[in-house]
Amino acid sequence: MFELKKGALFVDEMKNVSIRIGKVVEEEEEVWEEAGPTPKPGILELRKWDHKLLERYEPFYAPMQDFCNLCTMGPCDLSMNKRGACGIDLKTAKARLVTIACCIGASAHTAHARHLVDHLIEEFGEDFPIDLGGDVNVEAPIIRTVVGIKPKTLGDLREALNWAEKEIVKVLHSTHIGNEESLLDYESKAMHVSMADHVGMEVADIAQIVAYNFPKAEPDTPLVDTGFGIVDKSKPTIVVVGHNVMYARPVADYLEEMGRIDDFELAGLCCTAHDMTRYNAKAKIFGPISYQLRVIRAGIPDVMISDEQCIRADLLEACKKMGIPLIATSDAAARGLPDVSDWPVEKIVDALVSGKLPGVFLPIPEKVGQVAPLVAEAIFKKHGGERKYKFFESDEALMEEINKCTQCMNCVFTCPHSLRVDQGMAHAQKTGDLSKLAQLEEQCLACMKCEQACPKNIKIINVIMRANYDRLYNKTGKTRVGRGPIQDTEIRKVGQPIVFGQIPGVIAAVGCINFPDEMKSIREILEEFLKRRYIVVTSGCHAMDIGMIKDEEGKTLYEKYPGNFDAGGLVNTGSCVANSHIAGAAIKIANIFAMRPLRGNYAEIADYVLNRVGAVGFSWGPYSHKAASIATGFNRLGVPVVVGPHGTKYRRAYIGKPWKKDKWWVYDIKSRQKVFIEPAPDSLLVAVETKEEAIVQLARLCIRPNDTNQGRQIKLTHYIELHQKYYGDLPDDWAVYVRSEADLPLKMRDQLLKVLEEQYGWKIDWDKKKIVEGPVRHFDAGFNPTIVEEVYEKYAGEKAPR
């Protein structure tokens, strides 16, 4: 370490000298933890860890096409083991596409973080302190583990962002034609850039929590209105859409300052809605991206404010058709609108209200806060609320639209879910009964592909929404406001039962709305685990989706289950960027419970999570590039992820091969031996077709090598019971997870011992009811697994065995 001394520099006689003062170091840096081996890692520093994962969980590719057209030497046919003009083969080409997708996702969150941090530093100063509440002492666990710094101020977050941005550029460079030729190294780069994505997310959410005073790790946050029919149509309605709350916040501030917050409806779509409710609990949530056209076509907004990410690319066109003024705010989506930053507020309001301009680009948050309420009130006075919640002017107009249909089935062929719109139309034409059309609404993504394909230009979405209007309007519920990080005290309480298996697992429901069936399936899947005392954490679109679905008693899951991070708890961390707190919780278990150091120590922490923390990510409706990078970042951390059937379109899965016995081993620090183990977890990324398959996979992937007898018994009980419930028999692979008779579910022990003896050839001592021979390995209470040689050497004090 260096010693700081006072000194002087005389510059009065210097010529042609430029002096720049960077970060001023006032005192020696606090040594909060010894630095690990990989602070601010580059592409290569964690490559060895990635290759260990990829050796066990081999990439499986499901290309949507067998050609490449990424450069002008193409398109190149890569089928039948052919190579392209640049020499690339099909698998490597798909690995490159996956890497590009992860780069896009990571850049979205990191650019969001950069925009937010720079703005907040300008507003609050770079010395504004990071305070996440008295119960969070291990703040920024991802930044600590990856970047190796302990951020104390907003200014410190720039250091983490500088690292993330550099790595994103380096990985994106590798995808240029004529670079990488190894699919495994592309996958390693995808993992690397996705880890940077997690850093970007953590920076963004920490910044907005501390600057905007969002809830700070509070389990019992307010419940807010969620769903289509949430707004009072007798009030002017301001609708925000996107993922950056920077531009929506001033609207709430302006209304509060004017004492008029109760005279307006302030509601949102997508993650800006989440973060608006974290800032002001009077805000409301319409829903995810699939509700954007629903809300616009119903004429609900009197003004719309768009920022960035997951917003329809025809938003302006859709708003123009309904006479809804649009204020675009983000440089990521200026939407071809004129920049009115220099205009006075009155001129902007007049241009929008008069219809001279259908929309404006206004990247100044404070002006947005003033303009939006004035425009909304003026537009509302024009129609008096009469246009709200109307898809057609009359029933006759609805039937006139339905009668245009000739059942050509173009809509069916283009629909992502192949919904039988033709049958619903035909039934309505013959009988006047809209029930078959109404049934389609629950599964409709409102993507508009059907309308594009229709030769009669039928407003199919309007028809479907109007057919199910009563149910759609009343599909309202409650979402618990995003709480942000998990408390250290919560981690301290659940760390041991999670690692030992007494809490059977953590299910992290994160992702988009591209569901294969009705939205209620996400509730059914998650409630199965809540009832079984798993911890369920959620964020983003999934978090708001489950706030819309009620049970027979009229309650949502948020109203039935507590918000604390404990067995049977349902935790909403917040928006997309709040996903970071879910990964952060896994990291904090390793640190707070197991005392593993975090600083620049990524591989050891990920190794700990893989072998001990029974957490599984779940994205039932994956759709975006951000979802791809979020999932891949979890994979690098050792957390498996289950995706719905549309997840196959990401083109790649990480699936282990249990029959390859030589792939399933660990170093046991206690016995100083290389030990062959059960395949747990046996996949890092896997797609499922049905909700039944999703439930069973999630339960199975919570099993970890480090489970105690009691923990394995609990996990096997749930796995077997769920398989029997949904498939009617025992799972094919249950026996590989049995290490001793104590692992077996108590009420089925005798039955299962008999099955092991008769069907699997195991030797059973029936007098003692003990397993004598058969398991892959026997249970050892001191078992201490790792797959990282350096971790073994660190704790065993010797070279790893061969």
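In case you wondered, yes, glycine gets a Cβ from its N, Cα and C as well.
Computed from a predicted structure; not experimentally measured.
Feature annotations, reproduced from Swiss-Prot:
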| type | residues | note |
| --- | --- | --- |
| BINDING | C68, C71, C76, C86 | [4Fe-4S] cluster 2 binding site |
| BINDING | H109 | CO binding site |
| BINDING | H243, C271, C310, C512, C541, C576 | [Ni-4Fe-4S] cluster binding site |
| BINDING | C405, C408, C411, C454 | [4Fe-4S] cluster 3 binding site |
| BINDING | C415, C444, C447, C450 | [4Fe-4S] cluster 4 binding site |
| DOMAIN | 395-424 | domain '4Fe-4S ferredoxin-type 1' |
| DOMAIN | 435-464 | domain '4Fe-4S ferredoxin-type 2' |
Problem - Cα proximity to C512 ([Ni-4Fe-4S] cluster binding site), best match among binding-site residues C405, C411, C447, C450, C454 - result: C447
Problem - Env. residues of [4Fe-4S] cluster 3 site, Cβ within 8 Å of mean position of C405, C408, C411, C454 Cβ - result: T406, Q407, M409, N410, V421, D422, M425, C450, A453, P455, K456, I458, I460
Exercise for the section: Consider the binding-site residues C68, H109, C541 and say which one has the Cα lying nearest the Cα of C411 ([4Fe-4S] cluster 3 binding site). Expected result: C541
Exercise for the section: Sort the binding-site residues C271, C310, C450, C454, C541 by C-alpha distance from C71 ([4Fe-4S] cluster 2 binding site) and give me just the closest. Expected result: C310
Exercise for the section: Measuring C-alpha to C-alpha, could you say which of the binding-site residues C68, C76, H109, C408, C444, C447 are within 10 Å of C541 ([Ni-4Fe-4S] cluster binding site)? Expected result: none
Problem - Cβ-centroid neighbourhood (8 Å) of the [4Fe-4S] cluster 4 site, C415, C444, C447, C450 excluded - result: C411, T414, P416, H417, L419, V421, L445, A446, M448, K449, I460, I461
Practice task
Name the one residue among C76, C86, C271, C408, C576 whose Cα is closest in three-dimensional space to that of C450 ([4Fe-4S] cluster 4 binding site); these are the binding-site residues.
Solution key: C408
Problem - For the [4Fe-4S] cluster 2 site built from C68, C71, C76, C86, further residues of that chain with CB within 8 A of the site's CB center - result: N69, L70, M73, G74, P75, G84, A85, I88, A93, I177
Handout entry: For the domain '4Fe-4S ferredoxin-type 1' (395-424), the number of residues DSSP places in helix, strand and coil
Key = 17 helix, 0 strand, 13 coil
Handout entry: DSSP three-state assignment (helix, strand or coil) for C450 ([4Fe-4S] cluster 4 binding site)
Key = helix
